[in-house]
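Beneath this line is the structure, given in structure tokens, with notes to follow.
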Amino acid sequence: MNNNIINLIAAVVLSLSIIFGWQYFFVKPEQKKQQQRIAMHKSENLNKQKLKALAEPASDIAVQEASQVQRIKIESESLTGSIALKGLRFDDLILKKYKQDLSQNSPAVRLFSPANTENAYFAEIGLVSNLNSVKLPNSNTVWNSDSEVLSPEKPVNLFWINEDGIKFLVTITVDKNYLFTIEQTIINNSDKELPVQSYGLINRKYISLEKAVNILHQGPIGCIDENLKEYSYDDIKDKKSTKFALSKVDWIGITDKYWLSSLIPDKSSRYSSNFNYALKQGTERYQVDFISPVQVIKPGENLSIKSRIFAGAKKVDLLDEYEKSYDIKLFDRAIDFGWFYIITKPVFYAMNFFYGYVGNFGISILIVTVIIKLLMFTLANKSYRSMKKMKNLQPEIDRIKNLYNNDKARLNQEIMALYKKEKVNPVAGCLPILVQIPVFFSIYKVLYVTIEMRQAPFFGWIKDLSSPDPTTIFNLFGLLPFAPPSFLMIGAWPILMAITMFLHQKMSPELADPIQAQVMKFMPLIFLFMFSSFPVGLLIYWSWNNILSIIQQYYINKFN
């Protein structure tokens, strides 16, 4: 079979594989959230039974009792919720600035929920001891508080005294965003040494992941010994427990697409940390935790330990600010910018910068695209010249192929000599595409993973740049009263992208190889179906980029 025919078949098969592969792996409808449970707590160098009891269902507040438990109300411009005085558990947290969907009556996003509720998710900071004769605060301890409300302007002070006279103090502060600071002080008024270990845990019932999980990390995550550690829920489930011996723990937590809960331990110590899974009472439970080495408090002395909990939206500038202010290494990597991090984050900064002036991320995308196009103009011009020369050389290349058809080595040698003589780079025509690939994926990542793009409108029917175009030509863009299946959701922006791509192809020099030229003619149609499920912000970028390319090609054709 002719090699060109083989290449054509391979190209068509590859294109179809991309389309259906994308549909299978990335465009599945969002699954319903499952009602399952979160994790047990384990650690080395500690009485395992005591540590396990911290997060066992038996110690959880029952559903019917949850409303009766005394609580400290949380109130800030970003958060509302409460902290249970019983067990001092952060288990009720709502993100005031974010709605669950675009509907008018949509409730705000709930991050934390009490144990034994439908979407149980909570955090704890506390103390344990391997000395059985000493009673420390635990999940059943009811703390005394000097205030009923925690706000950025008013910290809350709590205390509890055991039968030996040992006093435990906790001061909780919250900033205007999503960071809690918990300072624990132990005053040893007894006549015995007190060995303690500080711990922190985040405990969560497993829920099904959002769509497109293959291009986005969701699950346990952290920075340990200045290295980013990411584990999928399946990884932890298979291993049951992933342990790290004493090490520098900057932060560990659980991340979703847009939300993060994270423990940030005191920097004065090293910690053992664990990512755990357990199946309890028919539900799956996941937990991340850290625990310090034993610290001994002598009689008459005291010890203070400061830890933090981040629980909120993964805003880029906010994570950057915390990383710098509190020296939290790699905190911005909680946002999955992907392999092209070095490009993706600057692209986001550029979009966010122009958003500050125009107030619309869609317009910001248009401005950034113009800048990228201007930066690449010289390269595009060189590419055009190279493609033009290649087309002019095609008759001579065909002559050489006929002359040395049976001598592949001589054939390649003669063709390379021709390129050298005519000063033609055969791959120069591909350079703009190769350069644009990381830019394309960077813009896609920015649109898909950054909270700033979530529910960000453009104009008209586009209410969310991070979601696909909601219209489709198969019901005449909403004029006909029926909803086509998902693979036929081909909206106005995908169609505009395909049309502008076709027009740009018509203005560009034709490829010298007729088989490749035929394949390229099908690309707008292939891309129409493949990209219809992409975030509409990406289609706006691609369409606008095609329009600029048409203008650029007109200029190059006229002056070259």
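From the backbone N, Cα and C atoms, a Cβ is placed for every residue, glycine too.
Sequence annotations record features per position, and here Swiss-Prot assigns transmembrane segment to 5-25 (among others) based on sequence analysis.
Residues 215-217, 221, 253, 255, 260, 262, 314, 316-317, 319, 361, 363-365, 367-368, 371, 438-439, 441-443, 445-446, 449-450, 452 of the same chain lie 6+ residues outside the transmembrane segment (334-354) yet bring a C-beta within less than 8 angstroms of a C-beta in it. The transmembrane segment annotation in Swiss-Prot covers 334-354 (among others) and is backed by sequence analysis.
Per Swiss-Prot, transmembrane segment is recorded for 357-377 (among others).
Tertiary neighbourhood of the transmembrane segment (431-451): same-chain residues 98, 212, 215-216, 257-258, 313-316, 335-340, 343-344, 347-348, 351, 365, 368, 372, 376, 379-380, 382-383, 465-466, 534-535, 537-538, 541-542, selected by CB-CB distance under 8 Å and a gap of 6+ residues from either end. The feature transmembrane segment is assigned by Swiss-Prot to 431-451 (among others), with sequence analysis given as support.
Only residues 6 or more beyond the boundaries of the transmembrane segment (476-496), in the same chain, are considered here, and those with a CB under 8 A from a CB of the stretch are 23, 27, 29, 462, 468-470, 528-529, 531-533, 536, 539-540, 543. Look at Swiss-Prot and you will find 476-496 (among others) tagged as transmembrane segment.
For the transmembrane segment (522-542), the residues of the chain that approach it from at least six positions outside its boundaries are 12, 15, 18-19, 22-23, 26-27, 361-362, 365-366, 369, 440, 443-444, 447-448, 453, 456, 458, 462, 464-469, 486-487, 489-491, 493-499, 501-502, 505, judged by C-beta separation under 8 angstroms. Residues or ranges marked as transmembrane segment in Swiss-Prot: 522-542 (among others).
Long-range neighbours of the transmembrane segment (357-377) within the same chain, counting only residues 6 or more positions beyond its ends whose Cβ lies under 8 Å from a Cβ of the stretch, are 347, 350-351, 432, 435-436, 439, 443, 452-453, 456-459, 462, 465, 537, 540-541, 544-545, 548-549, 552.
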